[in-house]
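Feature list (source: TrEMBL):
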- Arg151, Pro152, Tyr153, Leu168, Lys170, Met177, Ser178, Thr219: FAD binding site (BINDING)
- 97-202: domain 'FAD-binding FR-type' (DOMAIN)
Amino acid sequence: MSLFVASRSALRAAAPLKRQFQVRRYATEPTSADPKKGSNTLLYGTAAAALAGVGYYFLGGTPAAKKAEEKVKDAAGAAAEKLPTVEAKAALTGGDQGWVSLKLEEVEIVNHNSKRFRFRLPEDDMVSGLHVASAILTKYKGPEAEKPVIRPYTPISDEDTKGYLDLLVKKYPNGPMSTHLHDMVPGQRLDVKGPIPKYPWSANKHNHIALIAGGTGITPMFQLCRAIFNNPDDQTKVTLVFGNISEDDILLKHELATLENHYPRRFRAFYVLDTPPKEWTGGRGYINKELLKTVLPEPKTDNIKLFVCGPPGMMDSISGNKKSPKDQGELKGILKELGYTPEQVYKF
Ligand SMILES: Cc1cc2nc3c(=O)[nH]c(=O)nc-3n(C[C@H](O)[C@H](O)[C@H](O)COP(=O)(O)OP(=O)(O)OC[C@H]3O[C@@H](n4cnc5c(N)ncnc54)[C@H](O)[C@@H]3O)c2cc1C
């Protein structure tokens, strides 16, 4: 139930992905629209295959899958041609703009600890002003606090969505910003600033990218996925490895399963759960070396990039943590042991 809610909300948020899905829905509903069926089958199947050491899966797309992908691509291309080329007004312009106060319009419960927040942009025809990959900063000063807390978030709404932006936020016990957000009610306002540029993406910048995410670390990865799969000219292959505590914690599960259905030759996802249910056939425990060695493109592969985003403990074990927002720090951990170079890895 809760995952279904998550799916509906984020699909609504991700406008161009939604556009593509609507194109397809005229003919057939994607299997992943059934929250109980499609995604789980896919999820268990792909992760099991990975763990069994099945080889390079991108070569395995069926002719039907290829045809479906081409159909979506053609339709999306035709739609893109009709789009007006006028630059939309941006709500967040960076530089010396300072903080912009946004009104909370809607809150949706996504699961036991996460909510989606829809904030109105100052004008209805404004876009957020974000480019992929980038984030926003939020600021809040509690009544007793000496200093405000400032935290980054990656909107899950699309960059060309007009009038609002959506944040998907997990609540941390005693976490000042996430608790404040979870306590907010529609009508209240939040100070935001941005965009905070991360890794500038352009179509086909890399042949193959791997996204290694833990928990809400999925949000910047989803932003990259949207940029790639909403652009019919972008042919980048994407491998996602997504670690969570329990099945209920998997955010954007349906959107990711839909990507797998539509782009089986270019998008694959592998899920790892710390406390899996009995019937779980995906990865168990933490994201480990064995799984990454099996599913990631090899270090010697031409023009690959690995993105990592997750809690500090996960970052530590996989890539080492960033030193500061501007300093990627040393490459350590599993990715170093597997032979990747610092240039091949980006830490969000
Ligand atoms: C680029 C970027 C994008 C992000 N996007 C999102 C998003 O879309 N959605 C989302 O929910 N979150 C996102 N985050 C995380 C977010 O910025 C906050 O860190 C999070 O919401 C917690 O903030 P807080 O003030 O509530 O709690 P905090 O006080 O910051 O921390 C909460 C808990 O996190 C753990 N923790 C945090 N920092 C450390 C540390 N250095 N060492 C050890 N443990 C630590 C601790 O367990 C702590 O109790 C993003 C982070 C980055 C860097």
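Heads up, the Cβ atoms here are built off N, Cα and C, so glycines get one too.
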DSSP-derived class (H/G/I helix, E/B strand, else coil) of Leu168 (FAD binding site): strand
Shell of the FAD site beyond Arg151, Pro152, Tyr153, Leu168, Lys170, Met177, Ser178, Thr219, same chain only (C-beta within 8 angstroms of their C-beta centre): Thr138, Thr154, Leu167, Val169, Leu181, Thr216
For Lys170 (FAD binding site), the number of other Cβ atoms found within 10 Å of its own Cβ: 19
Those binding-site residues listed as Leu168, Met177, and which of them has the most Cβ atoms within 10 Å of its own Cβ: Leu168
